[in-house]
Amino acid sequence: MSVAGLKKQFHKASQLFSEKISGAEGTKLDEEFQEMERKIDVTNKAVAELLSKSTEYLQPNPAYRAKLGMLNTMSKIRGQVKTTGYPQTEGLLGDCMIRYGRELGDDSMFGLALLDAGESMKQMAEVKDSLDINVKQNFIDPLQLLQDKDLKEIGHHLKKLEGRRLDYDYKKKRLGKIPDEEVKQAVEKFEESKELAERSMFNFLENDVEQVSQLAVFVEAALDYHKQSTEILEDLQSKLQNRINVASSRPKREFKPKPVITTTLETGDNQQHNGIAYSSSIKSSGSSMHVDQPCCQALYDFEPENEGELGFKEGDIITLTNQIDENWYEGMLNGESGFFPHNYVEVMVPLPQ
């Protein structure tokens, strides 16, 4: 930094110290300027919080957001273009309904209803994905650009104005000790910065209809999401009502108990005692697997939907390596590692605390 630059920094620091400690008054700008500055400050805070809250609105689970951010960062490091989508709650609920609907089978009215509801929830998850993309592209991204460009530029002008104001006030109070030419230059630079800052704030506030348009797009996207969701749910309601009508009209079946003890030798596994055969209902279990490291056993099949997840089949023994959060584990199977939901497995040997 040049000697002139060092002197200017000293002047600013000295004036700021005088105002903060000694209570000296600096040059006051007009009320119209101060009001514009206040609105810019509020807009800055509003944009920052809107960005945060809008993301929470679309992706409410902080654990999933953290996991998603980690997976997408890993994808960028690896040079992969495809990113991992947020697991919508409707989709997770739909997967649960479909899984148990299939287990109950086609002869279960409740199972068939679960399949209907599960498919509808999956459709709603797809609609929610579309909402996410629409809001991000047409509301969040423009707000981010507003924060990074327009508001940042205004902030730069205001910061420069404050520095020149301090330099001007310092020299103004020392008239006679400082050459008139320096005071004149300080006045000119102060007025120049004020005009730049004032014009940038004025133009921004006059064109705030752009932000209104972006907000309108956000509301339109949310409305479209709710309309489509309503149509899906109304269709599901009709299907379920139809199943209720079918179930109510079908003939009732009578319960017929089956005897446990029979008098006929049915299989070689039956035990005979005093001429009566008893059907053995107990099967010998295989030898238990010896495990000496953290592991779990799969209760159901798990098909990975996102990159980084570990797929497995019912009955697989998975080595546990880490617990991501209360909902997700990390483990290894057949040399592959990845994440999987805790409610799909039963822990056999827990991870060390």
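Using N, Cα and C of the backbone, Cβ positions are placed for all residues, glycine too.
Feature annotation (Swiss-Prot): of 60-87, 116-143, 312-339, the stretch labelled region 'Required for dimerization upon membrane association' is 60-87. Your range for coiled coil, going by Swiss-Prot and the list 158-179, 180-201, 290-311, is 180-201.
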